[in-house]
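Beneath this line is the structure, given in structure tokens, with notes to follow.
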């Protein structure tokens, strides 16, 4: 009934000779492995952390646990096919990743997108952004030890997923984008359900502030933690809420508007604190801005085609094409080098998480282990996005 | 700052630069020897290119290089740097051609700190050696991995499926 | 009227009239032992189920509802699973200490049960230094936690144990001061006398604002002492996976788990005894009729009701607050709670000497 066995502990092993284990004789440093399986890393990220007591001296990220070499894979997929592989990178903003690829192909083909398709793309993109920020909000609170917000966030997120499911046929990786438009027309219920969602969301979003934002423990945990200066944010290439939390203007939707983003009113949220709390505020305020964009567009979806007419087999002219979009995590870039064939010669995805991760070591030095969770939470790393 | 102004500034500073304006953004090709000082100039002088948003490499093996004019025959690795400036917002693409058999280039990780990780990735997947890089190790693959998977001639019969 | 006192008295009477005194004492001990173990098992099951149900309600979900009616057998099934599981000992662990640690924690929890009055006249051992005994024995459990963390041969465990040590040692001071304030007010260390002194009203109400402050500090301190969120740094799962019990599995893990809930019960029972009058019914001034009705409710129900109310409070904390950071945790204690409780003790002493309390 109750059996004793011996297991060999491969990680975090402290041999009898303390110096081998990372207890350096001089400074009393301790090296611990956070990950690849660890509740705080939300995926297979492996951090080797050098500690002095509880204070972090150095963080060394080890990547590659979920590297699928998507860039190499895309070199043998046709232009219609490779879009959907990118859903598997940042799976929380899958639609926006697909959007970047579609934009890049359309740039190469010089395609005109019907206005209806443009609006649908933006609407779906903003819904995705809300869903992604919702998940982040819940997971962030959970990292800091508060479990309940996770369920509250999922309550609203489920509604978005249902809307997605109805129109796109899938909940998370929607595969709704095709070069020249979107795959299907909107479901007849779409407008009504989105309006219901907006109503629901507006009534719940204040709850978020009550539960987490104004909580004194939460504020103490995040204020002044992981400060990233504006110069460093630019130098590290931090974009999205991480960059904007440090006061960098980096919203691609504002700087290089694509689709209908130049026709809608919304604010670029910029906080100047640079700490975890600023990054948190940027995301929470972005939720309201996304709702604002949806409110403006939902009643003004133009009639017409949802897809431009394209050939069955797409061939991009020889040349180089780069498109940039704003995902929920920051700037996502697609760089296609075409040799004129049906497949890209070389493709490079510039993922926001990769650059944001590179700042992790810099901003968490001197913090406590507990702070690392606040920092990781607000960097909002999605590991498949980093390990492409 | 417009493309033309940018071109003028660069031409003034680096007479040997080769321009290519066919794409969306201005393309500059520089020599590997001149790269380090040019990068320093890009960052600190008139152009204020403080944001390196993409760093990658393209492999042109001899076979592919022969078909195209983009790369000279004999095969090459082209480093591609995408810059923009947070003041002028005008992207610039810089290309540096490297010898495919002995790819070496100066690191820019001291100038743009994001380059540290990007260069490690390029080192890992293309085998470009970045001189004076603070921590040049493989990033995604294991340390004892052989070969550089994103090169066109990389073959792995076990794990790769040809479509 | 249902009274536990009558039952215990009649059993004792029967034992002493049937056997010789030594034999009777031994048999009483055996009965008490079985009762305590039975209580532990039931409390563990009930409290875990309660926690899951409370958490579920706060998180807009249903909680366990499949095993048994309304899911009441869920924890029993879980316990069964844990008993069947393999008990692993990591290679390189200090096997003796590793296996000893859960029992130390458990035994410490069991020992504190001795002076607690569950109902009128229903107490294992009415020792005359009851409150002192409770504070003294409760600090033993930290040894078990440190032992577990050190012996596991795991850095997460070690960090968790270190945190736990710092935390429990610090917060014991505040908890101690809060307990002393009631001792000062009631003038006795004996649990039964402390309860008796609340005949006319609970200390929480009779001691003016200082008693309320002491109560609040007590609740905060014991939440920290039992390693519950928002003070669950010793097992902060997002930071240290599971802290000091990372390497434990099967029944040894279950013992830690059980001890945590027993500790919650005990500290809440002590809180109820000291501040809320233990098994004393609620009496309001001269409302004779009301007081008479309150007297009809059995004392055990009063005691359990108060205790479970406090347990609910502590669960409510857990499912609402984020976790503190380790330095914030310590500065909260040393910079705020300790000075406040010291000053508060001074006030209470003044109230007690001058007889200003109701």
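A Cβ is built for glycine as well, from the same backbone N, Cα and C atoms used for every other residue.
The transmembrane segment annotation in TrEMBL covers C:24-49 (among others). Same-chain neighbours of the transmembrane segment (C:24-49): 11-12, 15-16, 18, 64, 71-72, 74-76, 78-79, 110, 113, 124, 257-258, 261-262, 264-265, 311, counting only residues six or more beyond its ends whose CB sits under 8 Å from a CB of the stretch.
Sequence-distant contacts of the transmembrane segment (C:96-118), counting only residues of its own chain at least 6 positions beyond either end whose CB sits under 8 Å from a CB of the stretch, comprise 4, 36, 39-40, 89-90, 124-127, 130-131, 133-134, 137-138, 140-141, 143-145, 147-148, 150-152, 191-192, 195, 247-248, 252-253, 255-256, 258-259, 262-263, 266, 269-270, 273, 278-279, 300, 303-304. As annotated by TrEMBL, transmembrane segment applies to C:96-118 (among others).
The transmembrane segment annotation in TrEMBL covers C:130-150 (among others). Away from its own ends, the transmembrane segment (C:130-150) comes close to residues 94, 97-98, 100-109, 111-112, 114-115, 157-162, 164-165, 168-169, 172, 175-176, 179, 182-183, 189-192, 194, 225, 227, 234, 243-245, 248, 256, 259, 263, 266-267, 270, 274 of its chain (Cβ-Cβ under 8 Å, at least six residues beyond either end).
Among residues of the same chain six or more beyond the transmembrane segment (C:171-191), those with a C-beta under 8 A of the stretch's C-beta atoms are 115-117, 123, 126-132, 134-135, 138-139, 197-198, 203, 206-207, 210-211, 214-215, 217-218, 220-222, 224-225, 231, 270, 273-275, 278, 333, 337-338, 341-342, 344-345, 348-349, 351-352, 357. Marked as transmembrane segment by TrEMBL: C:171-191 (among others).
Among the features that TrEMBL reports, transmembrane segment is placed at C:203-224 (among others).
Feature annotation from TrEMBL assigns transmembrane segment to C:253-276 (among others). Residues 40, 43-44, 47-48, 51, 79, 82-83, 102-103, 105-106, 108-110, 112-113, 116-117, 131, 134, 138, 141, 148, 178-179, 182, 191, 194-195, 202-204, 211, 214-215, 218-219, 222, 225-228, 245, 303, 306-311, 314 of the same chain, all 6+ positions outside the transmembrane segment (C:253-276), place their C-beta atoms under 8 angstroms from a C-beta of that stretch.
Here TrEMBL flags C:296-316 (among others) as transmembrane segment.
Residues or ranges marked as transmembrane segment by TrEMBL: C:336-356 (among others).
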